[in-house]
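A quick write-up on the structure given underneath.
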């Protein structure tokens, strides 16, 4: 904007703080007069320039004002009142010619003085002080303005900039300086005030030297030497690290900045923290791989029961790593219900390779910055979880477990899943960029392993980078072995009880599994074992209290025998005994069938109930059913309607049908309930109950074909846990069924069906009554 000799501009009146040309000022708007000026002339696309006028203690307006540029205008509402704040930059001195709120007419004031009149000693003192201010300033813009003023010999502007940084002046002194047109006088005032400020700081430092007081002495001993030593130690650590050329240039450039910086500047601490992080990262520190396949096989066998397919895939992965001497390739992702050993498998892999193990929990993360860190410009910025974990690990090639990757959520702060893509891509992760670190760090030597409960919740791009290894739940036999070989010893050690003091028999373990757990894994089972150990610990403590000086436990038969009756006494008070839904619903009435489903917690038996009443053929569904499940009901009813005559059944078109799946608070969806729904409707139409010891799963087509489903092992194990002995599966799932342990297959009566008629025959209580269509 070109300023004329006289102009009219909006006016803001302040009674504290003086804006000098070249300086900046934040002005909170409190008075109604200033608020009106803003609302009438500044908030509606008005002028970007304003006059800052100054009110004296006599309520008069000082005759000299400042023409300012509005850099930012803030507005917010609090208690139904709109508040404003201005960020302004001083441009020129101005004389107030006429004041008529909310505007005033001003004329620009020019500096008066010839350079020849300046006192060279005064100029040198001001320039010297100005350079110190520029060096200590946190504002690059201010430092640049100082140097430009010195280069251009603009001493009036230089004096204004220097005085704007002096904090201990009175309001009236600032106004006197603002009203002084003569540059030489302003330089003298500036020199005088800067000298006063230096003397004040010197006095403060003198008070802090050793001997004046105990507290400054401690500060002097602890802080002042350590500040210098800390930088020297930091330089030694950084010099010992072999950086790449790009990283080295950046790190030592920042170290040079730190050395030339005043420790009292706020950026000093930020830069120091950044350099300390760089020095603590494992740039060149690695562990030597010690991959022996036989040793790895033994570690996996000793630490985990069954899971032969998973162990085989892990050994194959380790074999490739040994041959290639590299871990680049597919990233393993173990998926399955909680408590089945996904994390412990990753620990076993680290042990078998001789590498350090580092776990990062990703559950519930919504902010990309949790993965990649915050930029250093933010207050309280910190590195992301990956870099932070590497700092604690002190190795650049650990086995890195990304736990619960399916629990990542996208939000307004970005997508954490997308942030993992660079980390897990072998073509990019040699130059991984954390926002806080802001220099490339090589994470390509890390072996990444992920875990998830529900693989369907993974982002497609992230899922594409992972090799999914499914881990199923455990059978009763496997749980008993795990409990005997691992859980009991672990809990006894945790509770400091000698194995010689207690004997937990197999029937007690089976009772804990059957009656007090309902899970695919063994997490709740371990809690139950812990409860038994606490009961034993109490009995031992009570015996010791009777004779504390005894070398042996008095009046006690050891080991303490824990049988099935003891389990009921110990756990009944602590855990509600599990009631099997199968037992509760027997005997089954017509229209009721046991289906099977899979959740993130493993397989479960899902009762299906159907009832009818006179009506018009309407279908009512309850139980929090999803769209796919509701369509399966329509398919089952459509098949029954099309084949009712051939089956010799009365049509259900004259009845309203109500289909309900219990546990109404739980979402249910998926196509695998099709065969169960068809069986329930046929049973309802015939008035004949289905077998109460059988469960069924499978998708059906409208033409009566039974289609393949997923989660075969989980569903068979769920039926086994509930005491069901017959399971009807689709014929097309035979291959998955044969992968189940032979012991389980021998216990269960599994029928493989091709058509809906095969399913109904297998599910009938008595001999089949249906003829083949």
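From the backbone N, Cα and C atoms, a Cβ is placed for every residue, glycine too.
Taken verbatim from Swiss-Prot:
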type: ACT_SITE; residues: 672; note: active site
type: ACT_SITE; residues: 715; note: active site
type: BINDING; residues: 336, 337, 338, 339, 340, 341, 342, 343; note: ATP binding site
type: DOMAIN; residues: 9-198; note: domain 'Lon N-terminal'
type: DOMAIN; residues: 587-766; note: domain 'Lon proteolytic'
- Task: For the recorded ATP site formed by 336, 337, 338, 339, 340, 341, 342, 343, name the remaining residues of the chain with Cβ within 8 Å of the site's Cβ center, in chain order.
- Result: 334, 451, 453, 471, 520, 521, 523
- Item | Neighbouring C-beta atoms (10 Å sphere around the C-beta of residue 337 (ATP binding site)) | 23
- List the Cα distance (Å, whole number) between residue 338 (ATP binding site) and residue 672 (active site). 22
- Most Cβ neighbours within 10 Å, among the recorded positions 343, 672, goes to 672
- Sequence-ordered list of residues in the chain of residue 715 (active site) that lie 6 or more positions away and have a Cβ within less than 8 Å of its Cβ, or none, is 596, 597, 598, 603, 695, 697, 727
- Cβ-Cβ neighbours of residue 338 (ATP binding site) (radius 10 Å): 17
- Query: Reported as an integer number of Å, what is the Cα distance between residue 340 (ATP binding site) and residue 672 (active site)?
  - Reply: 24
- Message: Please list, in sequence order, the residues in the chain of residue 336 (ATP binding site) that are at least six apart in sequence and whose C-beta is under 8 Å away from its C-beta.
- Response: 342, 453, 470, 471, 472, 473, 520
- Item | Rounded distance in angstrom between the Cα atoms of residue 341 (ATP binding site) and residue 672 (active site) | 27
- Task: Report the nearest neighbour of residue 672 (active site) in space among the binding-site residues 337, 339, 343, comparing Cα positions.
- Result: 337
- Using a Cβ-Cβ cut-off under 8 angstroms and a sequence gap of six or more, which residues of the chain neighbour residue 339 (ATP binding site)? 519, 520, 521, 522, 523, 524
